[in-house]
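**Student:** My questions will all concern the structure given below.
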């Protein structure tokens with residue numbers, strides 16, 4: 001059985017991964033259907049690890065903010081579970097979709113109930129759920145405050161240019177939301193729900209901030225650096241389970257096979273991954289693979305899991 005790596009070894013592992021991937025920087029295809037994301041330099045690469053013992057390790061562009069996009073769905077799901085508990089599962093499923101993240105076909109076939117909270121239709125439903133009793137502006141503010149609380153960092157903001165860019169070009173998301181509204185699956189006006197959705201997807205964070213924000217999922221629901229209790233141990237375990245099975249769109253099975261860690265990707269090129277009991281990891285490389293997941297980010301996490309023995313399926 002491979003020996004578990006001590007924290008002091010993690011920086012060496014990160015440095016090695018960065019050095020080995022440097023010749024491949026720029027590989028993959030930057031998301032071009034959101035104009036602001038299409039302008040991002042594909043040569044960027046950053047990675048950060050925050051251990052449950054408080055060690056912070058980073059490499060490359062780990063302090064450069066980027067658009068976290070669908071990674072934000074982990075945070076809105078956590079908020080929804082806090083507000084509504086297990087009742088949310090009447091509105092959204094817990095199964096992998098096997099289809100593209102913005103597919104309408106499956107939604108029609110299944111009566112407007114999204115397969116899981118991490119595909120676009122599912123996250124739009126979650127936005128509708130947590131909008132109850134709020135104006136869109138109030139809820140957007142609450143989401144930002146919640147993510148700042150998780151990361152213990154008041155500098156996290158929404159990139160309003162990205163939010164505006166998505167609002168102008170997000171025709172497929174308008175179609176998904178309108179479709180669910182036609183099935184009686186949304187309680188609020190489509191424009192209000194999507195206003196929330198586009199803005200939380202436009203959160204800008206660094207790898208270091210993102211790794212800190214996900215640390216509660218690695219430590220049984222409580223951030224060990226701040227003492228902030230976020231969710232119960234059982235709920236943290238269940239969020240991790242959903243990230244493992246559904247966190248990478250229709251590439252989730254391959255990510256579980258290669259990396260073996262709960263994780264959530266975004267088309268901005270970021271991935272937040274969790275090694276339960278050990279660490280939270282964030283990686284950013286804008287070039288995407290055919291499933292819309294970071295090509296080099298996925299490879300970096302595969303290398304990290306292999307060298308640390310952190311896969312949840314065993315070293």
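FYI, residue positions are counted from 1 along the chain as it appears here.
Cβ atoms are placed via backbone N, Cα and C, with glycine included.
So Swiss-Prot lists the following for this protein:
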- 70, 120, 166, 173, 197, 249, 267: substrate binding site (BINDING)
**Student:** Between the binding-site residues 197, 249, whose Cβ has more other Cβ atoms within 10 Å than any of the rest?
**Tutor:** 197
**Student:** Among all the protein chains here, how many other CB atoms are within 10 A of the CB of residue 70 (substrate binding site)?
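**Tutor:** Taking every protein chain into account, the count is 24.
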